[in-house]
Every structure is written in structure tokens, then in C-alpha cells.
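S.K.: Following this message is one structure expressed as C-alpha cells.
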Amino acid sequence: MGLSSVALGTKNKYERMDSQLPDEDEDASQHQLQEKRSKKTRKYVLACAIFASLNSVLLGYDVGVMSGAIIFIQEDLKITEVQEEVLVGILSIVSLFGSLAGGKTSDMIGRKWTMALAAVVFQAGAGVMVFAPSFEILMIGRLLAGIGIGFGVMIAPVYIAEISPTIARGSLTSFPEIFINLGILLGYVSNYVFSGLPAHINWRIMLGVGILPSVFIGFALFVIPESPRWLVIQNRVDEARSVLLKTNENESEVEDRLNEILVAADTSSGGKYEEKSVTRELLSPSPALRRMLITGFGIQCFQQITGIDATVYYSPEIFREAGIEDKTNLLAATVAVGVTKTVFIMVAILLIDKLGRKPLLYVSTIGMTACLFSLSFTLTFLGKGQIGIAMAILSVCGNVAFFSVGIGPVCWVLTSEIFPLRLRAQAGALGAVGNRVCSGLVAMSFLSVSNAISFGGTFFIFSVVSAVSVAFVYIFVPETKGKSLEQIELLFQTEQWEGEGGQVELGDVEHLVQKG
């Protein structure tokens, strides 16, 4: 009887093992399905981020191409140095109107169609510039192009942040900065390729090529969805759920994400954020919102007042000051700057969601400070010999490399993720305005200031400002890696944020979420 019971027990044991095999097969099948879904989702979100970033190519291309085209515009239209500064810098100043209008426009017609509007306005401006017979007509084209770029610069990071899954949001929201760098490189290459043509033709072709990227945006409209967070604000919750199902790898998390957005938008209680106008809230902010505005607006301004646009727009003039005389060699040196800037942005993309935003900002701002000081020293003391030329090229390339590793992309990532949903578009627009105003002021004053205090003196000022930006990052910038947009909003509402140099543990934020 004991033997039979053992045999029976053994038989039951084998029966139980056999009965588990179908479950294991089912688990393996579900795992394969999840893997397929994850790959499909990642590809879809990647495509959305790429298409949304196409407007950024326009800004980059304009910055890069104008550095070389201005040499030939000056020769063809006989413009003065002051007109040259105005022509270069006016685009950044005017783009602030596009950015300001973009916040309200994107809240009204949606993030997706605001990107389309940006492309159309830019195309109109580029067309006017190509056929401009005089400085005045050229300026009209620059004004239109600037407004279009203002729309595009403001809306792309907001849109990408709102469709991206938390784990990849930093990398994906950096895409506009990648495309700005790609545009700059294409602009430099365009200068080099077309510089051999007659002066009354080559700069028109250089500017005209910039129309091409915006053509692809028309195709993009058939691929990318509307932002789920904007759809929730419009009470189109089912459409928002549909978009979240396409952009989140784990289907079980979709409802959690949707509920977080509903709470943030305050639609679950039937109230809408019009109760207190966005403008009034921005003008008289709460302590938490004030901290957000200081962080977002400050980092945008520091990105530009450290002189990156002066380095990029006027790199031929900087290299000429260092001792390079030949036009072809000047443009070839600027291509090296463009390649460096584009290559190092990829480093940021790989590291931003692994190391976090703040470590990259430290590396970036400290490195830029050293390179700007080195450039100042080189232009002031090393003269125009071979050593001076080599050091100038190395310092400029080092400066743009450190910029691309940190403050270049991280600036846009932070301003697209720190603001509450009801304020995100317009507060982001405010940050973009600060960025464009600072860019314009630097671009429009660089030559005049350099003539007054020398190129070396100007870059010494930039190095001091860059050193101040290191302190700003330490005091005002929190780490947002690994947090959902809704968790980041709560992060700024705790006083602990101020007392720890911008650091709050994720566990603390999760506790706040559970508590709320």
C-alpha cells in the first residue's frame, strides 16, 4: 500500500508538471507578443519625434547658412556692417512673436496643426528671401521666416514630451536639438558647396535649399497623432486613450497614465482650467510655479547668453580674427564646427535618460566656461600664427561640443516637462521667448561689442556668464530623470526642493502621489 501510494504520488507529480507546460507556453507566447508590441511602439514614437522635429531643421539651417551667405549678401547688395548685424539677429528677435503666439495657438488648434502652421509661414519667408532684390525685401522674408521658426521652436519639445513614455522622454525630447544641429551642419555644407557660384546667385540658392525640410512636414501630418494631453483638455478622452495605446509599450499602464492626465487637467471633477486664466496665473504665480518659471526661463536664457549663436553665426569672422584669410578655408573650418556640434549631440541622447539632466548640465557648463576662456586667451595673446589658429579652432569646436552634450538639448527637455499641463504650452512659449530674445541680442550686438572691446574681450565676458550658469544649475535645477510629467509637477510643490540643491528622491514624489 505504501508502494502504491508512492507510485500514485509520483504519477500525480508528473501529471502536475505536464499540466503546467501549456501555461508556460502561454506565458512565452504572451512575452513574444509583448516584445512585438514594444518594438512597434518604440518605432512609432520614434517616428513621431523625428517628424515633430523637422521644423527645428529650419532654425538650424538658417543659423548655419547665414554665417556664410552673409559674406555674399554683403558683396551683392552692398549692405553695411550694422545692416549685417540686424539681418542676422532679427530672425531671433522676431521669432519671439511666433513663440508667444504659438502657446495660445497650440492650445486652440492643437500641437500637431501648430507645427503645420510653422512650416507654411517659414516657407513663405524663405520664398521672399530667395527672390529679394534689396535689403528691405530681404528683411521682410526674414521677418516671416522668424515667425515660422518661433512657432516651430516652441511647439516641438512640448509635443514630444506629451507623447513620449516616461522612460525615453529625455532622449526623445532632445530630438529638436539634434535636428537644429543637423540643420546647422547642412547650412555650413550648403555654404561650402555653393560658394563657387557668382555672388548674386549663390546666397539665393543657399537660402532656397532651406525650404526643402518643411515640405516633409506635410507628409508628417498623416503619420503623427495629436498630443493625448491636449486631447484630454478638449474632453476627447477616448481619442487620448487611443493615442496612449499607440505610444505606451505596456498596455496595462495606459489607464494609469490617462488617470494622471485627467487629474492634472482637472477634467475628472468637471472643472476646466479657464477658472483662473493662464495669463493671470503666469503673471501672479504661486511659489511652486515661480520656481518652475525661474528654472525654465533661466535655463533658456543661459543657453543663449553664453554666446553659442555668436560662435555659430560668426564663426568665419572668429576664424578670420585668428588668422585664416582664404574664404574657402574659412567655410571649411565652419563645417568642422558643424560636424562637432552634430556628433556630440548624439552623446547627450545616449546619456540623458541614464545619467540624468543635471550631471550633463554640470559637464556642459563647466566645459563651456573653460573653452570660452581658452578662446578669449587665444584671440588676445596668441596672435595670428599657426598655434593661434589651431587653438581657436580647438576652442570653438570644444565649446560647441560641450554645449551639445548638455545645455543645448537639456534646456528644451526641462522646459517641456516641468510645467503643469494647463500651463505647459504657454509657459514653454515664455521660455522660448527668453531664448530667442537672448539669441537675437547676442547676434545683433556681437560685432559691435567685439569692435569696441575686441573679440577676446567679448569671449571673456561669455566665459564669466558661463561660470554663473554653473551656479544657476546647482541652485535652481532639479533632477527630473525617471519621473512622469505629473510627478514632476508635484516635485516643484515641495519645499524640500529648495533645501537640497534641486534634488528630491523619486520615492518622496511617489509618496506625494499616493498621498494625493
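Note that Cβ sites are derived from N, Cα and C of the backbone, with glycine treated the same way.
All annotation found in TrEMBL is predicted automatically rather than curated by experts.
Not measured: the values here are computed from a predicted model.
Annotated transmembrane segment per TrEMBL: 44-74, 86-103, 115-133, 139-160, 172-189, 201-224, 330-352, 359-383, 389-415, 453-477, in sequence order. TrEMBL lists 48-481 with the feature domain 'Major facilitator superfamily (MFS) profile'.
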S.K.: Would you say the transmembrane segment (330-352) and the transmembrane segment (172-189) are in contact under the rule of three or more C-beta pairs closer than 8 Å, pairs 6 or more apart in sequence?
M.R.: yes
S.K.: Looking only at residues six or more beyond either end of the transmembrane segment (44-74), which have a C-beta under 8 A from one in the stretch?
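M.R.: Hits for the transmembrane segment (44-74): 84, 87-88, 91, 95, 115, 118-119, 122, 138, 145, 148-149, 151-153, 155-156, 159-160, 163-165, 168, 172-173, 175-188, 190-192, 195, 199, 202-203, 206-207, 209-210, 213-214, 216-217, 219-220, 223-225, 246-247, 309, 312-316, 327, 331, 334, 338.
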S.K.: Spell out yes or no: are there three or more C-beta pairs under 8 angstroms between the transmembrane segment (359-383) and the transmembrane segment (139-160), with each pair 6 or more apart in sequence?
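M.R.: Between the transmembrane segment (139-160) and the transmembrane segment (359-383), which are separate recorded stretches, there is no contact, as judged by 3 or more close Cβ pairs.
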S.K.: The transmembrane segment (201-224) and the transmembrane segment (330-352): do they have three or more Cβ pairs under 8 Å, with pairs 6 or more apart in sequence?
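M.R.: They do not touch: fewer than three Cβ pairs between the two stretches lie under 8 Å.
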S.K.: For the transmembrane segment (86-103), which partner among 139-160, 201-224, 389-415, 453-477 gives the most CB pairs under 8 Å?
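M.R.: The stretch with the most contacts is 139-160.
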S.K.: List, by number or range, the same-chain residues at least 6 past the transmembrane segment (201-224) whose CB is under 8 A from its CB atoms?
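M.R.: Distant contacts of the transmembrane segment (201-224): 47-48, 51-52, 54-55, 57-58, 61-62, 65, 68-69, 72-73, 76, 112-113, 115-116, 119-120, 122-123, 126-127, 129-131, 183, 186-187, 190-191, 194-195.
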S.K.: Mind checking which residues of the chain, 6+ beyond the ends of the transmembrane segment (453-477), have their Cβ under 8 Å from one of its Cβ atoms?
M.R.: 291, 294-295, 298-299, 302, 305-307, 310, 318, 321, 357-358, 361-362, 365-366, 368-369, 372-373, 375-381, 407, 414, 446, 501-502
